[in-house]
Amino acid sequence: MTASLVEDTNNNHESVRRIQLDVAGMLCAACASRVETKLNKIPGVRASVNFATRVATIDAVDVAVDELRQVIEQAGYRATAHAESAVEEIDPDADYARNLLRRLIVAALLFVPLADLSTMFAIVPTNRFPGWGYLLTALAAPIVTWAAWPFHRVALRNARYRAASMETLISAGILAATGWSLSTIFVDKEPRQTHGIWQAILHSDSIYFEVAAGVTVFVLAGRFFEARAKSKAGSALRALAARGAKNVEVLLPNGAELTIPAGELKKQQHFLVRPGETITADGVVIDGTATIDMSAITGEARPVHASPASTVVGGTTVLDGRLVIEATAVGGDTQFAAMVRLVEDAQVQKARVQHLADRIAAVFVPMVFVIAGLAGASWLLAGASPDRAFSVVLGVLVIACPCTLGLATPTAMMVASGRGAQLGIFIKGYRALETINAIDTVVFDKTGTLTLGQLSVSTVTSTGGWCSGEVLALASAVEAASEHSVATAIVAAYADPRPVADFVAFAGCGVSGVVAEHHVKIGKPSWVTRNAPCDVVLESARREGESRGETVVFVSVDGVACGAVAIADTVKDSAADAISALCSRGLHTILLTGDNQAAARAVAAQVGIDTVIADMLPEAKVDVIQRLRDQGHTVAMVGDGINDGPALACADLGLAMGRGTDVAIGAADLILVRDSLGVVPVALDLARATMRTIRINMIWAFGYNVAAIPIASSGLLNPLIAGAAMAFSSFFVVSNSLRLSNFGLSQTSD
């Protein structure tokens, strides 16, 4: 298996490879931070290591994959090529959880009698019998050795490379408590005389077997629930990836059918899909009709009808009917694979607050050893007994836990990404999510966003001796060379376009060309008539069409305006409810479009938008967004077309409708694959909920460590309680993140 690579090029024309490696053996945030630091020391390497997903994402220039693996292995970990999600079926978190559960069960069963006997023999020495020390040692040995081996193994590996991690703290605490207990049991001491139960407790022998075993049990329990929760958090993504077909039936030229692995399907090959089967690749229907379940892509259970010439998406399921499809995109080039990559890439990125947490975790473990040593020395200097000072040191070592810092952001993002994918919302990264709470203005494009984008010619008006059919024929001939949605509607209205020469497209204005020796222009009325007066009949047709919310283009032949073509679109049923939902959240909505003022206002009135900014060229849309930001507004932009790309990139939060152009999708921060606009407020709510969860996690993580270590240093925490608190801390963070998996369950799907 080769490493997962993505080629790119920087400004110096040097080849940049994106390499993803799975890193095994990382059990805490300090582990991930150390691997990241080691990788970033390599010249030409920029690396990010995600503790939650155990994936190192590396942008490298002139660096071999083997060199990267060697550096990771020298840091004490194992590196393998990242398994592509589309074929990944193994859940490492579930396997790790099962391993921990076996150790936890054995440790818990032995811990109960060990804790009871250890406490009794320490407080009431008269109850001791011959061989009592060997009994305690026999009960403790499996716990502090085999059950705690995952911690000891990592600690030994760290020591080999002169490093330290959370496991170093745990292992040191367990071994120290065990060693001190063995010394107390097997080294002769002066008998003590105590009177009363409290004196017996306060002056009991320092037998810390129950602490060593208890810390092992609590930490194993915490790690088990953490691993199980992380497995559940990633289940949505694994379920998404598992929807891909494993095999495909290819139609051979002689009509025979051949079953091959899905990965071997090539573009332009014809393949067969039967009821209940998953479509293997993106393609065009050649033969047959069927109903398709698009929920894998859109999150909506609404079936879609497919017939010859229909486009279909890989990863969706045929409910009934039989289809023969010509593959247009296969493997990693399909829309389904791209969506899975979006979810993965979102988990690779780090929020600003997580970068701070990583820097703290990197120096945290050495600091804990220093603090523990200073705390123990202070107690000794204050006249405390060695037993008391050791108890304080042990408490500090056990309670310190940088794991919460490392889990706070990645687990929340993992759950949110998976849940978002189920809802048809794909989060591309943290950049915009960090400003989501400040969003106060939502800007909408019109065509394809608020409307269906399925344009059709409603009326054709002619003048100057031209008939409507001739005007439409000339317009269709020129527009046949254009890809604009208006052009598509005009061409569809006249099925037999004539040949065109000297075609030229004028961005934001219109097109021109030569048809049958006539110079024909089609476009905005103001552009077509800028050098010639407009006929009263055409102007009347324009006003009437725009009053209905239609787009009207003028046609001129040899410099004389001779026709007006009205293009109708349908407002989405979900638009009004979506705008109402946004307004109820206190957000201001704006319609920003390149269409004319009258048509834009007609649509805005239907959906409930008060502010309309029309007749905007693509670059002018960017200026509008920037002006809003300069006025202190935090802006979200919703769009789908090529002309929306710059505005989406300029906005604080860009939301692209998933059926939009690659330019729009590439510039956006959130991708909404449903046609329904009802997903817009849901997407904003999910983003807000994600950032709220991250903030709660970070407050807990920082607050826990800031408060716990001083309390332990002051001697107010028993080491056993400290171990339980440390395990609960990580469990709380992961469980809090898991609440996002229920997001939207109470909301009505559009």
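The backbone N, Cα and C atoms fix where each Cβ goes, and this holds for glycine too.
Swiss-Prot lists transmembrane segment at one of the ranges 22-42, 337-357, 547-567, 589-609, namely 547-567.
Below 8 A, the CB atoms of the transmembrane segment (693-713) and the transmembrane segment (129-149) form no more than two pairs separated by six or more positions in the chain, fewer than 3 in all. A distance of 46 Å separates the Cα atom of ASP445 (active site, 4-aspartylphosphate intermediate) from that of CYS31 (metal cation binding site).
The 10 Å shell around the Cβ of ASP445 (active site, 4-aspartylphosphate intermediate) contains 29 further Cβ atoms across the protein chains shown. Counting residues 6+ beyond its ends, the transmembrane segment (547-567) has Cβ neighbours under 8 Å at 447, 455-466, 468, 471-472, 474-475, 486, 489-490, 510, 518-525, 528-529, 531-532, 534-535, 538, 541, 595-596, 598-599, 602-603, 606 in the same chain. Counted within 10 Å of its Cβ, the other Cβ atoms near CYS31 (metal cation binding site) come to 28, all protein chains included. Against the transmembrane segment (500-520), stretch 471-491 shows more Cβ pairs under 8 Å than any other of 104-124, 167-187, 471-491.
Counting residue by residue with DSSP, the domain 'HMA' (17-80) contains 22 helix, 24 strand, 18 coil.
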